[in-house]
Amino acid sequence: MVINTWAGPCFGAATAAAWETLAAGGSALDAVEKGCTRAEELQCDRTVGFGGSPDESGETTLDAMVFDGDSMRAGAVADLRRIKAATSAARLVMDHTRHSLLAGEGASRFAMLMGLPSGSLATSESRMMWSKWRLDRCQPNFWHNVSPDPAFFCGPYRPAQQAQQQAQRQELADQQQIQQHRWPSRHEGHDTIAMVAIQAGGSTAAAASSNGATHKVPGRVGDGAIPGGGAYADSAVGGCGATGDGDVHLRFLPCYQVVESMRQGLSPTQAAEDAVRRIVKHVPAFVGALVAVSKDGRHGGAAHGWQFVYSVASGASGGVVETVEINPIDSSSSMEQR
């Protein structure tokens, strides 16, 4: 089985690539690498791979991770520059180092040393996105409690002295503004592909890939590079993938929670809903979603703040990519599939 946080033609092609790898005898780890790599190559929704989500300096950088549910080993890259094959770079970290995460220029040099080609990750489209943002006074952005006022001006910024209460109100207002800009509908602006695969023998693997938040502060690392945040797997239990506000996910590690909740007997849907509700309790404006699959093939998900559609391919479907739509948990109950 392969489960992917998103559906539609582009993400469906990524799910199909992962399934074809499994069907040809590849491992679960091979499958999630191939699936996420396909999304990177196709630049799915410009939120995965090169040519999308420029940071404040106009540069596109990538985060990616692979996680082996047999060995519980991870490989990840963050703030990766000039390397298009981010998921493969993460796999190389797992296979050829004793580390779990490499970041920035060091990650790029490592990937080139391992034989991955390098080149600009910018395109004419990403350059135009950045130019338009600059002309629009750098709105929206991810700054708060700085001077000049980031709601009206571009940087450079310096810390501003404000009362704690005022700073907290500003943070909430900025967060809501950013989310409204980044996620206007269920098919626009989401920023991560996360995938879980289970091979015939039960081995489970997960992966994630993203070009991060549009107009992020340079150097920002999202949940796509962090085990338990963007994805997680344990072959004894199942796996999870996350998409949405990666900065919030990093505070809660929802995929780790989902897998541990399934270990305690919750179904995939129950585990995903519980994790989302935990986030929403502290961050009411949260926008995101989780998908989960148990080792016996049950799968489900939960979302908050948007309609959400994920894709699945399995032996039961003959490898045909199917889609499942999830309503936000604050307006309707989620679904669970078998």
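Here, residue 1 is simply the first one shown, and the rest follow in order.
Heads up, the Cβ atoms here are built off N, Cα and C, so glycines get one too.
Sequence-distant contacts of T192 (active site, nucleophile), defined by Cβ-Cβ distance under 8 angstroms and a gap of at least six in the same chain, are T5, T47, V48, A208, S209, S210, G222, D223, G224, G230, A242, T243, G244, G246. The annotation active site, nucleophile is assigned in TrEMBL to T192.
Feature annotation from TrEMBL assigns substrate binding site to R220, V221, G222, D223, T243, G244, D245, G246.
Summarising the annotation, TrEMBL assigns compositional bias 'Low complexity' to 163-180.
Annotation comment: TrEMBL describes 163-186 as region 'Disordered'.
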Q: Please compare the binding-site residues D223, D245 by how many other CB atoms fall within 10 Å of each one's CB, and tell me which has the fewest.
A: D245
Q. Looking only at R220, V221, G222, D223, T243, G244, D245, G246, the residues listed as binding substrate, what is the longest Cα to Cα distance in Å?
A. 16
(Q) Cβ neighbours within 10 Å, counted over all protein chains: which one of the binding-site residues G222, G244, G246 has the most? (A) G244
